[in-house]
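To keep things clear, I will list the structure first and then write my remarks on it.
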Amino acid sequence: MPGNLSFKDRVVVITGAGGGLGKVYALAYASRGAKVVVNDLGGTLGGSGHNSKAADLVVDEIKKAGGIAVANYDSVNENGEKIIETAIKEFGRVDVLINNAGILRDVSFAKMTEREFASVVDVHLTGGYKLSRAAWPYMRSQKFGRIINTASPAGLFGNFGQANYSAAKMGLVGLAETLAKEGAKYNINVNSIAPLARSRMTENVLPPHILKQLGPEKIVPLVLYLTHESTKVSNSIFELAAGFFGQLRWERSSGQIFNPDPKTYTPEAILNKWKEITDYRDKPFNKTQHPYQLSDYNDLITKAKKLPPNEQGSVKIKSLCNKVVVVTGAGGGLGKSHAIWFARYGAKVVVNDIKDPFSVVEEINKLYGEGTAIPDSHDVVTEAPLIIQTAISKFQRVDILVNNAGILRDKSFLKMKDEEWFAVLKVHLFSTFSLSKAVWPIFTKQKSGFIINTTSTSGIYGNFGQANYAAAKAAILGFSKTIALEGAKRGIIVNVIAPHAETAMTKTIFSEKELSNHFDASQVSPLVVLLASEELQKYSGRRVIGQLFEVGGGWCGQTRWQRSSGYVSIKETIEPEEIKENWNHITDFSRNTINPSSTEESSMATLQAVQKAHSSKELDDGLFKYTTKDCILYNLGLGCTSKELKYTYENDPDFQVLPTFAVIPFMQATATLAMDNLVDNFNYAMLLHGEQYFKLCTPTMPSNGTLKTLAKPLQVLDKNGKAALVVGGFETYDIKTKKLIAYNEGSFFIRGAHVPPEKEVRDGKRAKFAVQNFEVPHGKVPDFEAEISTNKDQAALYRLSGDFNPLHIDPTLAKAVKFPTPILHGLCTLGISAKALFEHYGPYEELKVRFTNVVFPGDTLKVKAWKQGSVVVFQTIDTTRNVIVLDNAAVKLSQAKSKL
């Protein structure tokens, strides 16, 4: 038996185990002595059909290897309890449950049907509930249990075309967080994983070269470790792929407190302090936290009430005048408060409440004029389109939707019944889907609209006795993240709030202290009004889309994900013992954390970490070895042909590598700059190569040799908290002669990164030529022009010189980062331009460029140059798209040989 983490006689239930990740789980557990229930319905990826063969084949494979297993063919959402019954009947207990079964119904939200939404939620989320609920009494009585819920990056961050899947997967996180809290005293550990693994569900989405690294075998070791009897980890979330293992946790900003008096606690007051709400620095009244529960609102409101009246700032919220707002569950509590506040700002309000919308309408119309508000008593679950039709019939439009309606059916998980699960899911999650779906075509046609969805701290952090509510509210968050992505292209703004207020619904769970502090709904509504305003988008500094805010008691804060630096294993076979040995690295939040906000950011950061680990192994000696073959390959990558023998034939008497080959050892050494250590929240996916400079320290680049490049940071600067600038200096030496061959400076702009004061570097000595500005002389005819056609396959060829970033070859990845096709390497564009200058003006000693736009392989480039003494200022234009791609650019000619 491999390793020392034994599962001998433990009973493990795995759903969706007929193939992919589930199958690998089953084989791994069985190999370590577990008795395995292999569940698989045997349907298609879309969930149709039924075939017992898949589960039977896995069981046969386990038995042939000497293991113990039985098959089960039940549906997780229809007969989940029967899967657990199989374990009890065959083996007498259940110790480990892996909720892994899933289906996909990917389609844009505009085209998604309620059936497509419900089917995915049923299999993933309700299936997870059904299995966990059936296993719970056995695990409690045993005082032992381990449950893994399988989430997804799509659930954590949203993903285009997966509103159903995102909702279901994030719902599983909320469920797991609650079960972890309820199970703690019974030794039941519950965790969530968000794997990026090769499976039936991913093989049609991810490109082949990435899929090669994403074997499900790289996921299993963490799950084995988390479910072992010796492991105490619970209530945690992990991202993992291709040998990378990292932990995710919530990060809540210190936010801002306001005097909660509604006279001055207004949307304007919040806008005036927006920067403070969304920054993550500690403040005297509150610290940035990594919580497992809601804020200490009692402390915050006590401090807030001592503040003077709130400053209103210079911006008045006027954009809501005559806008039409639909607020659900507005007969009292938060909904009523929202409706009144919108009316106060000039909006027309549809007050929806299944019981009594009329008294609120009467109150609003008395305050703000007849016809300001109208009632609607349709059911949010079954009659969502009719609610929106009420708005259209009366006001001919709808601009804002606030999904607020809700119910509670709180019970400990042991006592929770299916009807209580479904009732809460329907009112919260399914009504949010249906109402958002009903306004979507209207907002799309208008090219504008706002949706504010309501989650809960129970959904974010889990809460004892609220498995149904936590799952529904977490699912709303995942759903909102996806429709925010899809809506952004249509002018539809979606955001999410987690309110803390005393209402009829929350009175039953509030403490005496909370009730005495009077957390009025009016302490939430000003933020809701602001989120529905155009002023926020205009004056906040960056668009506010798909964001999560916690609010109440005069306090507003933002909540986001934070990921640990993590651990990467580069071994072909990873064992859970390796996970155990490196647990401190996996859960290390002390350095190199990131705050991924999208699936692309997260996945790119993961794959970059893996690539860096592999590169570090390959470049342990830090040496760059090359031959004439590499020189020819580089020259060909810049467009040299067989007619240019001095560039393409090693026996030509004038054979040489083009001078810009100096950037190749620089590029190979950029990883040694360790930008992830220099800045906070480094994400490779957000890195832009801004400028490049190099100086040749020998008359020509050698055509073969062994070089070593030493890197050091010259500047590390914060750019207003929105980005970081890193400038690195790179000295390249010949190992044999010890002579300096070339010196490079690269400037990198990392969006979303931050540089705290203690990490700033300002005093690095820059090359004089690198920091000069070179403006093209306007109105003056260029001394030299050259038009160069790039080749459709140029990026495919140039990448063989060492830059294997898939962005330059993989259409799927290019589209994921918003490019229609793969782009040409910026250093290739530099090399093509510099070759034209080299052939016209002769050798140069120094070169500096700024990258201002991308080039697509096959585009035509025009190089324009103006000679000014020993300096040639130039500019490169992509004439196919009529954009400048290289600017602020110049070469300094060599005095000895240049064609002056």
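Keep in mind that glycine also has a Cβ here, set from the backbone N, Cα and C atoms.
Marked as active site, proton donor by Swiss-Prot on the basis of similarity to another entry: Y165. Cβ neighbours within 10 Å of Y165 (active site, proton donor), excluding its own Cβ and spanning all shown chains: 26.
Cβ-based neighbour count (10 Å, all protein chains) for K169 (active site, lowers pKa of active site Tyr) stands at 30. Residues or ranges marked as active site, lowers pKa of active site Tyr by Swiss-Prot: K169.
The annotation NADP(+) binding site is assigned in Swiss-Prot to I14, K53, N100, R133, Y165, K169. Packing around N100 (NADP(+) binding site) is summarised by its Cβ count: 29 other Cβ atoms lie within 10 angstroms of its Cβ, all protein chains included.
The (3R)-3-hydroxydecanoyl-CoA binding site feature in Swiss-Prot is assigned to H689, G690, K719, D803, N805, G826, F851, T852. Around F851 ((3R)-3-hydroxydecanoyl-CoA binding site), a 10 Å sphere centred on its CB holds 23 further CB atoms from the protein chains shown. Under DSSP, F851 ((3R)-3-hydroxydecanoyl-CoA binding site) is assigned to a strand (E or B) in the three-state scheme.
The domain 'MaoC-like' feature in Swiss-Prot is assigned to 775-887.
Across the region 'Short-chain dehydrogenase like 1' (6-230), mean pLDDT in this model comes to 91. Positions annotated as region 'Short-chain dehydrogenase like 1' by Swiss-Prot: 6-230.
The region 'Short-chain dehydrogenase like 2' annotation in Swiss-Prot covers 319-535.
In this structure, the CA atom of Y165 (active site, proton donor) is 13 Å away from the CA atom of N100 (NADP(+) binding site).
Among the recorded positions K169, G690, T852, the residue whose Cα lies closest in space to that of K53 (NADP(+) binding site) is K169. The Cβ neighbour count for N805 ((3R)-3-hydroxydecanoyl-CoA binding site), using a 10 Å radius over every protein chain in view, is 16.
The (3R)-3-hydroxydecanoyl-CoA-binding residues named in the record, H689, G690, K719, D803, N805, G826, F851, T852, extend over a maximum Cα to Cα distance of 28 Å. In the three-state DSSP scheme, N100 (NADP(+) binding site) is classed as coil. The candidate set comprises the binding-site residues I14, K53, H689, G690, D803. Of these, I14 has the most other Cβ atoms within 10 Å. In space, K169 is the closest of the recorded positions N100, R133, K169 to G826 ((3R)-3-hydroxydecanoyl-CoA binding site), judged by Cα positions. Less than 8 angstroms from the CB of R133 (NADP(+) binding site) sit G80, E81, F413, M416, each of them six or more residues away in the same chain.
Comparing D803 ((3R)-3-hydroxydecanoyl-CoA binding site) with I14 (NADP(+) binding site), their Cα atoms are 41 Å apart once rounded. Among the recorded positions I14, N100, K169, the residue whose Cα lies closest in space to that of H689 ((3R)-3-hydroxydecanoyl-CoA binding site) is K169.
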